[in-house]
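Working notes, beginning with the structure itself.
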Amino acid sequence: MSKTISINAGSSSLKWQLYLMPEEKVLAKGLLERIGLKDSISTVKFDGRSEKQVLDIEDHTQAVKILLDDLKRFNIIESYDEITGVGHRVVAGGEYFKDSALVDEEVIQKVEELSLLAPLHNPANAAGIRAFREILPDITSVVVFDTSFHTTMPEKAYRYPIPTKYYTENKVRKYGAHGTSHEYVAKEAAKVLGRPIEELKLITCHIGNGASITAVDKGVSVDTSMGFTPLGGVMMGTRTGDIDPAIIPYLMQYTDDFNTPEDISRVLNRESGLLGVSEKSSDMRDIHEAMRAGDAKAQLANDIFVDRIQKYIGQYLAVLNGADAIIFTAGIGENSVTIRRLVVEGISWFGCNVDPEKNVYGAEGVISSPDAKVKVLVIPTDEELVIARDVERFKNQ
Ligand code: ADP
């Protein structure tokens with residue numbers, strides 16, 4: 001019996017979950033926020049308790065020290081020796097990392113080099129990895145990439161029709177994201193359907209604040225909606241998803257909002273999506289509440305959101321030449337009965353439906369009727385567990 005921590009480090013945050021492995025039991029989880037700022041917050045949840053403290057956390061190394069101290073302070077562990085593994089989520093693995101990898105200096109340097117592809121995320125991920133290496137140098141340390149599940153995409157799917165030199169020299173291609181989630185829910189769906197994944201064509205819809213849809217053929221990703229960065233694909237909380245690229249030079253010329261690459265990135269990544277259209281909120285619960293109160297902008301935000309998901313499902317029905325199941329997961333996919341109903345009802349011609357008695361809050365598993373040609377499922381995602389399992393895989397090698 002050993003304990004493994006999965007780590008998701010952001011630029012100013014560090015989310016963690018401690019597992020007893022191989023039992024896969026969650027012993028505790030927590031979040032350190034506002035790292036590098038004043039009044040940082042550390043929250044630890046365990047045994048039905050939630051403990052919060054406000055303190056100044058300078059950097060990721062200090063955050064890791066605080067988290068490890070908290071584990072002892074709350075008697076979640078007696079000594080650090082009990083922790084035998086750590087798994088780090090890394091956003092961009094580029095073309096280099098086709099699978100998770102054991103951490104060494106070369107791997108960390110590669111993660112840092114790949115910051116060009118994820119400037120907000122990879123440096124933070126690398127800081128988290130270095131912090132653990134400094135404090136617990138001897139445990140099994142593994143990096144798990146958001147992109148590696150998508151490295152199986154064929155070239156026709158991952159290349160953009162732009163001059164080849166931008167691919168060869170600048171590495172501009174589709175990388176996708178949310179790979180651990182798509183892989184996990186695809187495997188879980190195969191179990192629920194009682195069929196080997198090698199026989200199945202699946203469309204996995206990870207619909208949260210960030211959202212992406214993947215075509216999974218025989219267990220491997222053959223196409224995914226997010227692109228070179230997580231900005232592409234379907235509409236999201238604050239991100240545009242796909243738009244005509246000509247909009248950018250046009251707005252650069254005719255408005256004052258698009259003067260620098262940072263401006264463009266901010267508007268498209270943080271001020272668009274549900275928030276941009278509704279002018280109210282990026283949160284689907286707020287959108288639906290406003291919609292019920294008759295807010296036309298919120299209604300439109302909802303309608304575009306549903307439309308883009310339907311179109312991507314349609315694309316992937318074409319890419320896969322049919323599908324056995326559509327799977328909903330993440331914050332909206334798992335919780336919004338309305339979004340699932342609207343998406344599926346509008347594409348019922350393909351042979352899918354939702355049974356109103358099964359499509360309820362808290363639903364898990366199949367929510368379509370027994371005669372549906374394309375089954376519809378809700379599978380709660382668990383990216384932390386995928387990371388912890390990967391650590392086990394490397395421990396046992
Ligand atoms: P992130 O990409 O930040 O991990 P999540 O997967 O947590 O995002 O999803 C957040 C989204 O899930 C928000 O838009 C939130 O409104 C939505 N959500 C959560 N619960 C519900 C619910 N009961 N009904 C509708 N939407 C919900």
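Backbone N, Cα and C define each Cβ position, glycine as well.
TrEMBL annotations:
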BINDING   Asn8, Glu383  Mg(2+) binding site
BINDING   Lys15, His206, Ile207, Gly208, Asn209, Gly210, Asp283, Met284, Arg285, Gly331, Ile332, Gly333, Glu334, Asn335  ATP binding site
BINDING   Arg89  substrate binding site
ACT_SITE  Asp146  active site, proton donor/acceptor
SITE      His178  site 'Transition state stabilizer'
SITE      Arg239  site 'Transition state stabilizer'
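Ile207 (ATP binding site) counts 25 other C-beta atoms within 10 Å of its own C-beta, drawing on all protein chains shown.
For ligand 1, the nearby binding-site residues are Asn209, Asp283; that is, of Lys15, Asn209, Asp283, these have a C-beta under 6 Å from one of its atoms. When the recorded positions Lys15, Arg89, His178, Arg239, Arg285 are scored by other C-beta atoms within 10 Å, His178 scores highest. Rounded to a whole number, the C-alpha distance linking Asp146 (active site, proton donor/acceptor) with Asp283 (ATP binding site) is 23 angstrom. Counting only the Cα atoms, the space from Arg239 (site 'Transition state stabilizer') to the residue listed as 'substrate binding site' is about 22 angstrom. In the three-state DSSP reading, Arg89 (substrate binding site) counts as strand. Residues Lys15, His206, Ile207, Gly208, Asn209, Gly210, Asp283, Met284, Arg285, Gly331, Ile332, Gly333, Glu334, Asn335 are the ones the record ties to ATP, and the longest Cα gap between any two of them is 23 Å. For the recorded positions shown (Asp146, Asp283, Glu334, Glu383), fewest C-beta neighbours within 10 angstroms: Asp283.
A distance of 22 Å separates the Cα atom of Arg285 (ATP binding site) from that of His178 (site 'Transition state stabilizer'). Taking a C-beta cut-off of under 8 Å and a sequence gap of six or more, Asn209 (ATP binding site) has these contacts in its own chain: Met236, Gly237, Thr238, Ser282, Asp283, Gly331. Annotation: Glu383 are the binding-site residues among Asn8, Lys15, Ile332, Glu334, Glu383 whose CA atoms are within 10 angstroms of the CA of His178 (site 'Transition state stabilizer').
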